[in-house]
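Annotated features, as they stand in Swiss-Prot:
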- 133-223: domain 'PpiC' (DOMAIN)
- C19: S-diacylglycerol cysteine (LIPID)
- C19: N-palmitoyl cysteine (LIPID)
- 1-18: signal peptide (SIGNAL)
Amino acid sequence: MRKWMIVAAVAAVFGLSACNNGDSEVIVKTKDGNITKEEFYNEMKARVGKEVIRDLVHEKVLSKKYKVTDKEIDKEIENLKEMYGTQYDLVVQQNGEKAIRDMVKLDLLRQKAAMEDIKVTDKELKDYYKNYKPKIRASHILVKDEKTAEEIKTKLDKGEDFAKLAKQYSQDPGSAPNGGDLGWFGPGKMVKEFEDAAYKLKVGQVSDPVKTDYGYHIIKVTDKEEKKPFNEMKEEIEFEVKQSKLDPAKVQSKVEKLIKDAKVEIEDKDLQDVLK
């Protein structure tokens, strides 16, 4: 999260790239004194300039050799939304979608660089496909006690509206206002008891109460992705299998080698030790 904030904050610094030493253009006026473009630039550079220069160098060098598509970025964004929930929305409000997409793109470029040296077998890919479960979309009603859960299930069995009952009874503040909708999720995103029960349901089917550490859930699956044939998914599966084998040390080592080979020269004396 902090990285996204840094990217957004320093965008202003590089928006002032035309600014040179001695630029006295005033950007803030107060009765106690003004703030010039030069003062702003120097302060921002001192605070976060090294991190941003490093990221810009990485993006420039890696983009020459590796490509990241909008579709790949979109997929990672969806994963982040699932992972961070409402915190993700807060970061978007504070920093903007573009800053987040830029950081996701850079992370993917670094990963692709490191993945180049990772080998996977056809058996690994087929085993992954065999166990692969597509995403599903579900809603739930969460209550603390089994008795209430059973009473709600009885109402549902009699034809009462799921979304209406979720708004009325569910104690999940994140989903209750939306009729219990949890959005799309895949394996590993929910607690095991919830996931196991949800994946057994057909679209439109409602579960009996499911007990987890959070309480009792009544789950309704509202949509399911289809599992595509292996050949259509092979490239995506290969990426995910390689991604699962990555570790920070491999990524750092590969990127450092590529940066060294690119013979980067930093002219600003204040930032010359960034890549060391």
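Residue numbering: from 1, along the chain as shown.
Just so you know, glycine gets a Cβ as well, placed from its N, Cα and C.
Note that this is a predicted model, so its numbers are computed, not measured.
In the predicted model, residues of the domain 'PpiC' (133-223) average a pLDDT of 97. DSSP places the residues of the domain 'PpiC' (133-223) in helix, strand and coil in these numbers: 32 helix, 26 strand, 33 coil.
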